[in-house]
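A quick write-up on the structure given underneath.
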Ligand code: NI
């Protein structure tokens, strides 16, 4: 088990556009994906993108049954999504609070598409195609943003809804948001 260091906002490596994955089922890719799950689980994250551990590849993981950082969120299947393409299925957007393991201790409300299709491949280069909505759609948009060099604060419209988790969500365990 290897928990990798998560880069924090301000690190220029979080601002790069990630490269497509071209190798599958190699020892290096297996180790990378295993480390990403170890890192995400150790931080109680809902998702993690490879650029967050300094690996500039189009690879994200997400999913949980119950998440301490988002106790009210419905479960999202544990997923490895590589070389993703997102297609909104309507123009409808909604605001919702997000955190990010690269922006520790903070939450902000950002607009996301309510319904979208995501396509890509899994760790074995098998196709994935899902139509999702709500929190699942939000998590995917957040993670795929990391592959474009974007962090959620770049989407905040109302900065009165951006602040410290321990202040805005005092019922959450602060240890789950660092
Ligand atoms: Ni994030």
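For all residues, glycine too, the Cβ spot is worked out from N, Cα and C.
A TrEMBL annotation is a machine prediction, not a hand-curated record.
Feature annotation from TrEMBL assigns Fe cation binding site to 100, 142, 146. The active site annotation in TrEMBL covers 143.
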Residues close to Fe cation site centre defined by 100, 142, 146, Cβ within 8 Å: 47, 49, 52, 98, 101, 102, 143, 145, 150, 151, 152
Residue 100 (Fe cation binding site) versus the residue listed as 'active site' - Cα distance in angstrom: 9
Long-range Cβ environment of residue 142 (Fe cation binding site), under 8 Å and at least 6 residues apart: 47, 98, 100, 112, 152
Sequence-distant neighbours of residue 146 (Fe cation binding site) in its chain (C-beta under 8 A, six or more apart): 14, 18, 49, 51, 52, 60, 102
